[in-house]
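Chemist: Below is one structure. I have some questions about it.
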Amino acid sequence: MKGTNASTPARFILLGFSNQPHLEMVLLLVVSIIYILTLMGNTAIILVSYFSPKLHTPMYFFLSNLSFLDLCFTTSIVPQMLWNLKGPDKTISYTGCMIQLYVALGLGSTECILLTVMAYDRFSAICRPLHYGVIMHPKLLRQLAALAWISGFVGSMVQTTLVFQLPICSHHTVDDFMCEEPALIKIACVNTTFLENELSIASVLYVVIPLGLILVSYGCIVRTVLRIKSAEGRRKAFGTCGSHLIVVVLFFGTLTSIYIQPKSKYTQNYSKFLTLFYTVVTPSLNPLIYTLRNKEAKW
């Protein structure tokens, strides 16, 4: 046992950055601005992709899914974060914490799978251009998108159920600005080896394997592009992948630093900033990255 008086709390206390009150005021302003930009940018991507006939392509079908996912992802986290940043009340209800963990885990896992599906789309477009229209037919697009969403939320349901079966120590204090699985496991009053092993398995399924598949896809893409004799042809081929690759690096780079790297290498505050980056900053950058690097998506 890690402590006594284990119970099911009515509320959790999210410490966040409460030990740095001046930083909280800065974050309140910065996160508010970024959240507004995220809502505007991703909504614009969805609307432009829907109403512009020239963007009715597999790439923009998946990009619309990604934008909708980012809207939901940030909305599941940021409003609660802003509420906690603006004043002394740092609490979240037990039910609210459970819902936030389930939704955030589900959307984060879905994004990992969706980025892998988008890499397959780019692989098909460049490595098998003559068969691209046959491979990426509308029915398959819907099936791949459904696979990403369903697999993400099924995995999240399993993880959330296991986490909230743990008896929680009496202080009910979560050393993070959101309800994340690693932070919740730390305040359990029982041996959590099983949950830690489960988290490692989930990290392999939703982070390591998708990232490996993306790297294999891009390895094939690079090999194919280097065979193109025309410099202009190579530039155009790499250009179609550049946006997606940048998003992959930003998202998986921070995600692997949090869930894969040994925790002893990082202070808790550094881990919070990494979490802040992939949950708040990255979703706001995705529309900018795609519109800057794709002429057909500019408006």
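Cβ atoms are placed via backbone N, Cα and C, with glycine included.
Curation plays no part in TrEMBL annotations; they are all automatic predictions.
Sharing the record's features from TrEMBL:
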DOMAIN    41-290  domain 'G-protein coupled receptors family 1 profile'
TRANSMEM  25-48  transmembrane segment
TRANSMEM  60-79  transmembrane segment
TRANSMEM  99-120  transmembrane segment
TRANSMEM  140-158  transmembrane segment
TRANSMEM  204-226  transmembrane segment
TRANSMEM  238-261  transmembrane segment
TRANSMEM  273-292  transmembrane segment
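Describe each of these features in terms of where it is and what it packs against.
Modeler: On the 0 to 100 pLDDT scale, the domain 'G-protein coupled receptors family 1 profile' (41-290) averages 87 in the predicted structure.
Note on the transmembrane segment (25-48): residues 17, 55, 63-64, 67-68, 70-71, 74, 78, 81-82, 85-86, 276, 280-281, 283-284, 286-288, 290-291, 297, 299 of its chain, located 6 or more positions outside it, place their CB under 8 angstroms from a CB of the stretch.
Tertiary proximity for the transmembrane segment (60-79) is limited to same-chain residues at least six positions away from its ends with a CB under 8 Å from its CB atoms, namely 31, 35, 38-39, 41-43, 45-46, 49-50, 100, 103-104, 107-108, 110-111, 114-115, 117-118, 121, 141, 144-145, 148, 178, 247, 279-280, 283-284, 286-287, 290, 297.
Sequence-distant contacts of the transmembrane segment (273-292), counting only residues of its own chain at least 6 positions beyond either end whose CB sits under 8 Å from a CB of the stretch, comprise 27, 31, 34-35, 37-38, 41-42, 44-45, 63, 66-67, 70-71, 73-74, 77-78, 81, 104, 176-178, 180, 243, 246-247, 250-251, 254-255, 257-258, 266, 298-299.
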